Amino acid sequence: MGSLPNLHDLGKENVYIGYKPTAALGHLCGGQGGYILSEHERNKILYRHSAHAKVAKTRSYGNEPNKVMLDEMTIEHMAGYSPISNRSARHLHQIRRKDSLSSSIGATSVRRLIGVMRSGPSQTQRGTHRTSHLNKNNLIANLILLCVSHLTITATYHPYLALQSSLSVWAMSDELISLDINVGSLFLAMGHFCASVACLLMLPLNHRINSNILLSIAYFCLTIHYIMNLYPVLYLMIPSIMIFGISLGLMVNAQISCLMIIAIKLTNIYRVNDEDDDVRNIRYTCLIRRTARAFKGAQDFGLIIGSLISAIIIFWTIGNSNIENMQSVNTTTTELICLKNSSMSSKVNCSASMIEETTNEDYVSFLDDIFETVEGTRLCGSQACPSRFTLSYNESLTKYYFSLLPLSSRQYLTGLYALLCAAATALILTGMNTLKLYFHQDGGEKPPMMASIRSIKEAFRDYRLQLMAPLMFFIGLEQAFIYSDFGKSYVVCTLGVYRLNLVYLAMGTLQSVAACTLSMLLRSIRRYYIVAVGFTFHSCLMLVLILWKPMEDDPALFFVISAAWGVCNAIWEMLSFTLLTNQYAIDRWEAAFAVTSFYRLFGIGIAFTFHGILCNYVKLYGLSFFMIAAVVTFTYLDVRLENIKKLKNISRL
């Protein structure tokens, strides 16, 4: 038994089958990272492919001479000769099908098919959770509502983070427990630790409850948190900060789910019949980036609007004349000075009559008690260490005194934040359509809880997420540092509390411009070039913060540093998000985003914990170390993924 004698003649007319290579992933839609072969390399690979096709048609297996390598056209010719040939053709089809499944190409095709079936664009799957059909206009309207609601939440979250972590505005001592000026950062550390755990434990809720309902629940919990801050005593602040952490973790998962579901549905609308899988995946990735660009823009504008409104409220409640001459002519500062004297001597009682008789006092003396002084000068900048100023309690001043800011400032700010969160909740409940995942991406026949636990375990074991962990942890550290330590030891110590939110206004403005620019540049520039630019800029900023002694004579430098820090923050966030969408846009994106959010929130909690323990220069050195570790691991990961992508593009040819 040898090879059939007429195989060569039958397949002669189809010796060369035209080959049409698929488009590389980074070539369409301007995606960066695509590898394009030269003309010489393409001709060489096509020549080897055609030569291999010629030999494979007539060459038999070495160990099994009865088996013959046949192509599709030869089998079709054999089927027309006789029933025996037809049966032989069917038998060879079965052999070919089994061989292809066991080969690397067949396995890759099966995995790609499973990924497409799991990703969500296919709507004819068994056991899926169907949703109502939404057209293009409805999906765009849902995206606008999501961005507007996120803008309002960001307008409350970032100013609250800055005021509470640096000055402990929402903290009040009572007759049993005395709190110090650093207790606000401890509350926020507790809340972000709770949020980091909640974003992992509440992942199964994304498959039981609609994403828009989860988002409205998170916003409503934030509203309750701000309402409880109207009377921020210890027995109310502990449950309030737990509610804040749970709502923050729930909000992170729900927002990502809404973005990805909207991108999936838009991909289904623009889908063309008989479209290649790679082209559909490219379109899916491009739509995710566009929706994420709008979402990030809303976040930056929320920081701008929230900082501006908070600065106006603080400026108005403190008083314009007090800001100009740095003296207190209202009763609030008089109460503060009286409280300070009462804490030094038990004989002094700050009654209402004594408050009215007290003359004008210098407001700067109260700031000197919060910060350490050297020869009458406050120690600001990198040499500043955490102070131990106690927020003393006096029953006669409970209705007057509240922390560093006046009582009216706290009330107006808290009421505004609660109102904005309530508006975002109503907007999501009344405006957004039902958004629900089609099915659990890695569930199979298992319950959602077990499938979520399994996906989270696999995400923690994924080498890509392990190499991204230092970058996400560093993002959390640097965000917490700019809000707590820079705001307190640089801005408030030198310029005063009324300019604190204006500094973050400058940061949000330049951060929005940098994020929009980088999202377009990353389509044509390699990521490791952007990493090098971000590393250089951020290293220079840390060096400035270590060596610079802040002075009141150059207030513009505070705004420049915060704006440049916003650019660096935009670089790190954009790099991490684009890499996640490139690697996990099709499969297992829920667990990937949840794990990376866990690292970021955990980093914020660690930074807030050490806010009242370590000096600023130690924190800056620690930030530098973690930044170097993040840059090295992320660059190694990016280069490794680029090499894998090049090998895949060559194998397709």
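Glycine is no exception: its Cβ is also placed from the backbone N, Cα and C atoms.
Marked as transmembrane segment by TrEMBL: 139-161 (among others). Here the transmembrane segment (139-161) has Cβ contacts under 8 Å with residues 170, 188, 215, 219, 222, 226, 251, 255, 258-259, 262, 265-266, 269, 291, 294-295, 297-299, 301-303, 305-307, 309-310, 413, 416-417, 420-421, 423-424, 427-428, 431-433, 435, 483, 501, 504, 508 of the same chain, all six or more residues outside its ends.
Distant neighbours of the transmembrane segment (181-201): 161, 164-171, 237-238, 241-242, 244-246, 248-250, 252-253, 370, 386-391, 456, 484, 594-595, 597-599, 601-602, 604-606, 608-609, 611-612; these residues of the same chain sit at least 6 beyond its ends, with a Cβ under 8 Å from one of its Cβ atoms. TrEMBL lists 181-201 (among others) with the feature transmembrane segment.
Look at TrEMBL and you will find 213-235 (among others) tagged as transmembrane segment. Beyond its flanks by at least six residues, the transmembrane segment (213-235) meets 146, 149, 153, 156-157, 160, 170-172, 174, 177, 179, 205-206, 241, 243-244, 246-248, 250-251, 253-255, 257-258, 411, 414-415, 417-418, 421-422, 424-425, 428-429, 432 of its own chain at Cβ-Cβ distances under 8 Å.
If you look up TrEMBL, you'll see 241-264 (among others) marked as transmembrane segment. A Cβ distance under 8 Å defines the sequence-distant neighbours of the transmembrane segment (241-264), meaning residues of its chain 6+ beyond its ends; these are 119-121, 139, 142-143, 146, 150, 153, 187-188, 190-203, 205-206, 211-212, 214-215, 217-219, 221-222, 224-225, 228, 284, 287-288, 291-292, 295, 432, 435-438, 585, 589-590, 593-594, 597, 601.
If you look up TrEMBL, you'll see 298-318 (among others) marked as transmembrane segment. Using a Cβ-Cβ cut-off under 8 Å and counting only residues 6 or more beyond its ends in the same chain, the transmembrane segment (298-318) has close neighbours at 147-148, 150-159, 163, 405-406, 408-409, 412-413, 416, 497-502, 504-505, 507-509, 511-512, 515.
According to TrEMBL, the feature transmembrane segment maps to 416-439 (among others).
Under 8 Å from some Cβ of the transmembrane segment (463-482) lie the Cβ atoms of residues 165, 507, 538, 562, 565, 568-569, 572-573, 575-576, 579-580, 583, 592, 595-597, 599-608, 611, 619, 622-623, 626-627, 629-631, 633-634, 636-637, 641, all in the same chain and six or more residues away from its ends. Per TrEMBL, the feature transmembrane segment maps to 463-482 (among others).
Under the heading transmembrane segment, TrEMBL lists 502-522 (among others). Cβ atoms under 8 Å from those of the transmembrane segment (502-522) belong to residues 32, 158-159, 162, 289, 292-293, 296-297, 300-301, 303-304, 307-308, 311, 482-483, 487, 491, 530, 558-560, 562-567, 569-571, 573-575, 578 of the same chain, restricted to positions at least 6 beyond its ends.
Residues or ranges marked as transmembrane segment in TrEMBL: 529-550 (among others).
Long-range contacts of the transmembrane segment (556-580) within the same chain: residues 289, 292, 296, 468, 471-472, 474-475, 478-479, 482, 486, 490-491, 494-495, 499, 502-504, 506-512, 514-515, 518-519, 522, 527, 530-531, 533-534, 537-538, 541, 544-545, 548, 550, 589, 592-593, 596, 630, 634, 637-638, 641, each at least 6 residues beyond the stretch ends and with a Cβ under 8 Å from a Cβ of the stretch. Annotation comment: TrEMBL describes 556-580 (among others) as transmembrane segment.
Feature annotation from TrEMBL assigns transmembrane segment to 592-614 (among others). Residues 165, 180, 182, 185-186, 188-193, 195-197, 199-200, 203, 248-249, 252-253, 256, 385-386, 456, 459-460, 462, 465, 468-469, 472-477, 479-481, 484-485, 576, 580, 583-584, 622 of the same chain lie 6+ residues outside the transmembrane segment (592-614) yet bring a C-beta within less than 8 angstroms of a C-beta in it.
The transmembrane segment annotation in TrEMBL covers 620-639 (among others).
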